[in-house]
Each structure stands twice: as C-alpha cells, then as structure tokens.
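> The following block contains the structure, expressed as structure tokens.
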Amino acid sequence: MDAREIRSPELLPEASPVSLQANVESHRRKRLGIYFLESDDRRTALGGGYTSGATPVNIHGKPIPEFTISKTGGWIAAFFIFGNEMAERMAYFGLSVNMVAFMFYVMHRPFESSANAVNNFLGISQASSVLGGFLADAYLGRYWTIAIFTTIYLGGLTGITLCATMNTLMPNQDKCDQIALLLGNCEPAKPWQMLYLYTVLYITGFGAAGIRPCVSSFGADQFDERSRDYKEHLDRFFNFFYLSVTVGAIIAFTAVVYIQMKHGWGSAFGSLAIAMGMSNLVFFLGTPLYRHRLPGGSPLTRVAQVLVAAFRKRNASFQNSEFVGLYELPGQRSAIKGSSKIPHTEDFRCLDKAALRLKEDGVNPSPWRLCTVTQVEEIKILLKLVPIPACTIMLNLILTEYLTLSVQQAYTLNTHMGHLKLPVTCMPVFPGLSIFLLLSLYYSVFVPLSRRITGHPHGASQLQRVGIGLAVSILSVAWAGMFERYRRNYAIEHGYEASFLTPMPDLSAYWLLIQYCLIGIAEVFCIVGLLEFLYEEAPDAMRSIGSAYAAVAGGLGCFAATILNNIIKSVTGDVEKRKPSWLSQNVNTGRFDYFYWLLTVMSVINFCAFLLAARRYQYRAKQVNDIREQASIQPSTKDHVVP
C-alpha cells in the first residue's frame, strides 16, 4: 500500500520551523488539522477521485468545453427557471388561500378542520422537501428532479380541478345557504369524496416537495463560481428568485381570487393547472442552456458510513494510531462526485474517528470502516447548519397563522378602498406587495445605506439579514396584538359581538396593512438571506439538501401552528361551560390579542436563540482562512514525525 503522512496540499503553505517547546497537549489537539494520511489505495470512485465540484456538465453528464461554456447558464438560463418557480408558487399560494374556503363552502367541512387540513398539506409539502433534495443530490440531479416532480404537480392540480367541476365529486349543494353552513345543516361530503380530494391534494404537495429544494439551487448553478463577479451574481439571483416567488403569490391572491368569484372554483383551480403546464413548457424549452452538476451519490449513505465508522472506532485513540492523522485522497482530488475537497475542522471531533486509519482496517478498507476527511466534514457542515434554519420555524409559524387569523379579522372590517370593495381573501396580497416594493428598492436604497453602517460589500451578511427579518417579525406580531385588542373592544362597544361575519363600516381593514407589510419585510430579509446562506454553506454535493432545510423549517412551522392552535383551544376553551377559546370561530368573543402576544413572547425567545447560534457560527470561507493562518505558524512535518 502506497500511503504517506503529508500536509493537505490545498491548504498549507511551506511552514518555517518553530520552537519545539510548545505545549504537548495543545500540539496533539491541533495535529488532526495538520496531518492527513493520503493514499491511492481505494475501491471504485474513491480510487481515482474527482477533481472539482464546481465543474459544470451538460445534460448528458459530460463536461462543457471552455469555448462553449459562455453560451450556457447565466441570467438567460436563470429566467427560464424563474418562470417555473413563479407558477409553482402561484399554485401553492392559490391553494393555500382558496382550499380552506373550498372545503368549507363546497365540501361542507367545519372551518376549523378545513384550516387544519390545509395547514397539514402545507406542512407535509414543505417538510418532505428533503426527499426531493435527496433524490437530486444522490441520483437524478436537479434538472431531472424538477422535470419529474413538476409533472406530478401538474397531475395533482388537474385532479383538484376535476373535483371542483364534476358534481359527482362534490356533495349536494341544494338548500345550502350561509345560515345553513354556519349551523352545519348542509349535506356533508361523502368519505370517498374527501378521500379523492385529499389524495389529489397530497399528490400536489408531493410534487411541490420535489421542486422546492431544487429550483433555487439549480438556478444558482447557472453562474460560474470561477467568475470574479460570482458573489454579486449570486446575491442578485436569490433576490430575483424571491421576487418571482412574490409575483406568483400576488397573482394567486388577486387574479385567481377574481376568477373564483366571477367564474367559480373549477375555473380558479383550472387556471392554476394551466399556468403550471405553461411554466413546464417554458422550463423544458430552456434545456439546451442549462448547466448541470453531477449527483454525488447517496448523501444518506455517506452520512451512515461516517456514523458507523466513528462508532466502530469510538474507543480508539488518535495518539495511539499506527498511522498518524486522518485519511484523505492526495492532491486536489475528492472522493465524492460533484464535490471539491473540504478542509478539516475541529468541530464534532468524535466524528473524526471515522477518518482515523487503524491497522485492523486492512489494505483495502471498506467505506463503512474508513471515510475521507471530506466525507466527515460534509456531515459536520450539515450539523452546524441546523440551528440557523431551526430559528426560522417561528417566522413560518407566524406566516401560517396570518393566513387564517388575519382573514378572520378582515371579515369584521370594512374592506372598501374608495368605491372598490376588496375581497377578504385578497388581503394576504399586501405582504407580497411590500416584498415586491422592498426588493425593487433593495439595491438602490437599502444596500448603500447599510453598507455605510456595516461596511459589508452587500450591505449586510446573510446571517445579519436573517436576524433583521426575525426582529421585524416581532414588531409585526406585536402590532397585530395591539390592533386586535382595539378591534375587539370596538366590536363589543358597538354591538357587533355576535356578528362576526358582518363588517363594521367605520373600522377599516387597512389597519391590517401594518402587520402585513412588516411581515412581508421580515420574510424577504429572513428567507432570501437563509436561501443564500444555505446554498453557499452547504457541501457541494449536498446543496439541494441544504436548500431543503429552509423548506423543512417552513413545513415544521405549519405543523407547529396546528399543534399550537390545538393546545390553545384545549387549554383556554371549555365546551361544557360554554367558555370560548382564544381562537374561537367568533373572533369577537375569542382572544386573538392574547394569542398574538403569546406569539410575540415566543418570537423574542426565538430571536435570542438565533443571536446565540449566529454568534457561534463561523462561515466556511472564514474557517478556511483561519486554518491557513494557523497552519502558517505550525511546525513542519519533519519537526514532528510521530513514531
């Protein structure tokens, strides 16, 4: 076996000799970051290695020649991808805002169970995004994952359209007016009708789960990492990407709602299916322009290999190893397809034992016994990323609550704008409009101002933007609590306590715009910063899974909203004593203000947790620079050869 103990060539410059009087324990602790055991003896892909994770390939997996690479990727390719995301978000928000009303008015389900069903649909569609990220990173690549799941998405939307147009798939609508609905006297949907609706609804969610983690990463793949302007292009890409999300949401909250009111449910859901079909066509038309990344094999297998190998060697000592240092392929080559080498870090040192070579590993060790440093560092990175998206679950919980609670509030308020009466279901459009305005002014106003304060070239770092978003969300939900207290007292004083579906003519719904605009600002700072953060910090061969973290946080926010609602209703309400809960269907007898203030307290605690996590997090680029600086003062290999 040709094995040798050397320094990592891509990190360490020639070091000058230093005094040997350094503390022995300190030297032993730092040794793992200096020495690697490099060997050519490895089976299959590990034998030859891969030179770079940044090399773009065409749809057939062949490297794109340098003389043609300028004809692919870039902003033109990204705009084809924007179209797909805009239609997907249009369908997602179109379902989220209309499906509760469809289940209530057409399928005759109670409002509470309808809202919970839609929350669960939204949660599952986001939380299961890790499946799409896994398939993209492991086997299919991002392009084919999007192509397959966007077709599934279209099939689900078509099924929902059929449910809204075929009488056999709906309960009888005769003698079912608003009073009958409120009293629960309408004919309920048959079990098989609800089974059909839930089936096509979750097929749609399954399609969304495959698309969501891949679209932003695939769009970012279109830009050349070797370009001098790469960071600037990436920053602008994620802002434009979220702008396309916002445009889709605005269309869903306005045009789709208008179609539903004028032409019915079948036309509304049909418009979503048509838009999705057109976006699929646009996406496929851009195929010749796309740059691709090779899938790196199953990331879950690599994670399992590291955990198993580290567990097997849990009692082994780094100092007593026959081979000093950690195992890695020589030179610039990486053992993982689609990934460049990752330098060793001192975090989660227990996992380093997976890369510790022992005598019993043999001459041709199994990857379940011995892993490379890069493979171990992938798992470390995934673990280090978790706290940041976890802190955005609270923001997603608030966004989910606003979709239902604010609409219930709006039913009691005057939605006239001059002679124009705005439908209540259009109210969620205002966060989208605030996001659209902010993104339009982001580079001309926010970046120059914040650059003067922070000195950061982009105005604020990724984590700073996430923090700004979380802070603004606290202001939004605190204002919501204050206004709801005023609205409720006004309703009781003016005799509207029992008339929770009757608008109060002298109290405008546009007071809700303050909380809507604030949450829109919070969303654009937090989510855009998070997407960019996850793409840049995730391992090269796991970027789709990294992007899925944001979607999973969104899904957990939806689930958390459902769980919190159930807890609040069970704790604060008493059916036997006829005591309404805070979240009573009659918003005038409930205590939405208390609920909003509870969310405020939870948001403050969450923000403190984020500050702690962000303070402890070290960006990968800075970590590499610190390793270089530390290595420059370490003794040379000859000075410290361990027998």
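Note that Cβ sites are derived from N, Cα and C of the backbone, with glycine treated the same way.
Nobody curates TrEMBL annotations by hand; they come from automatic prediction.
Pulled from TrEMBL, these are the listed features:
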{"type": "TRANSMEM", "residues": "90-107", "note": "transmembrane segment"}
{"type": "TRANSMEM", "residues": "143-165", "note": "transmembrane segment"}
{"type": "TRANSMEM", "residues": "237-259", "note": "transmembrane segment"}
{"type": "TRANSMEM", "residues": "265-285", "note": "transmembrane segment"}
{"type": "TRANSMEM", "residues": "381-402", "note": "transmembrane segment"}
{"type": "TRANSMEM", "residues": "422-445", "note": "transmembrane segment"}
{"type": "TRANSMEM", "residues": "466-483", "note": "transmembrane segment"}
{"type": "TRANSMEM", "residues": "509-535", "note": "transmembrane segment"}
{"type": "TRANSMEM", "residues": "547-568", "note": "transmembrane segment"}
{"type": "TRANSMEM", "residues": "594-614", "note": "transmembrane segment"}
> Report, as numbers and ranges, every residue of the chain located at least six residues beyond the transmembrane segment (143-165) whose Cβ falls under 8 Å of a Cβ in that stretch; write 'none' if there are none.
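Long-range Cβ neighbours of the transmembrane segment (143-165): 59, 84, 88, 91, 95, 102, 106, 132, 135-136, 196-197, 199-211, 214-215, 218, 264-266, 268-270, 272-273, 276-277, 279-280, 283-284, 287, 290, 292, 544.
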> Please tell me whether the transmembrane segment (265-285) and the transmembrane segment (422-445) touch - that is, whether there are at least 3 C-beta pairs under 8 Å between them, with each pair 6 or more apart in sequence.
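No, these stretches are not in contact.
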> Among the recorded stretches 381-402, 422-445, 509-535, 547-568, 594-614, which has the greatest number of Cβ pairs closer than 8 Å to the transmembrane segment (90-107)?
422-445
> Out of 381-402, 422-445, 509-535, 547-568, what stretch is closest in contact terms to the transmembrane segment (466-483), meaning most Cβ pairs under 8 angstroms?
509-535
> Taking the transmembrane segment (422-445) as the reference, which of 237-259, 381-402, 594-614 gives the largest number of Cβ pairs under 8 angstroms?
237-259
> Do the transmembrane segment (594-614) and the transmembrane segment (381-402) come close, with at least three CB pairs under 8 A (pairs 6 or more apart in sequence)?
yes
> Pairs of Cβ atoms less than 8 Å apart decide it: which stretch in 381-402, 509-535, 547-568 has the most with the transmembrane segment (237-259)?
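Answer is 509-535, with the largest number of Cβ pairs below 8 Å.
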> Same-chain Cβ contacts of the transmembrane segment (509-535) under 8 Å, 6 or more residues past its ends?
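Hits for the transmembrane segment (509-535): 216-217, 220, 234-235, 238-239, 241-242, 246, 385, 388-389, 392, 395, 398-399, 402, 406, 409-410, 413-415, 417, 422, 424, 427-428, 430-435, 438-439, 460, 462-466, 468-473, 475-477, 479-480, 483, 487, 503, 543, 546-547, 549-550, 553.
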